[in-house]
Amino acid sequence: MKTINSVDTKEFLNHQVANLNVFTVKIHQIHWYMRGHNFFTLHEKMDDLYSEFGEQMDEVAERLLAIGGSPFSTLKEFLENASVEEAPYTKPKTMDQLMEDLVGTLELLRDEYKQGIELTDKEGDDVTNDMLIAFKASIDKHIWMFKAFLGKAPLE
């Protein structure tokens, strides 16, 4: 019989709580510091992303609570446990540079979600698995759209 809601799943979800918290700060940073062509369109898009990934973070934390885990809840814990890294804004960046950084973080999340999908499938945790599949599908679409903005193919 498969083990459902194992320590591995709880650790994975908690890692994503940390990642998503750091990522939402990065999105805000892009939102505040962007300049140049497509400002109005991308500024609004960052609002949408901030909301979407804030909701993802909340869903992941609530799923973790539902399976008996304890989500990280301090800035120190987020920074110590995230693979998404802070990106201090020390000098102006072009819109393309900001979008490249955003895509890089989305790709990191996509790859980690893929690992989580495999883990939860192996463990038979269908609820967490379905949640991660839906989140990964959204991330895949964002990667495609931002790469198109940058004039790149989705798998480039």
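Placement of Cβ uses the backbone N, Cα and C atoms for every residue, glycine included.
In Swiss-Prot this protein carries:
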BINDING   H31, D58, E62  Fe cation 1 binding site
BINDING   E62  Fe cation 2 binding site
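Features recorded in Swiss-Prot, as mapped to the structure shown.
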residue: H31; record: Fe cation 1 binding site; contacts (Cβ under 8 Å, 6+ apart): H43, M46, D47, Y50
residue: D58; record: Fe cation 1 binding site; contacts (Cβ under 8 Å, 6+ apart): none
residue: E62; record: Fe cation 1 binding site; contacts (Cβ under 8 Å, 6+ apart): none
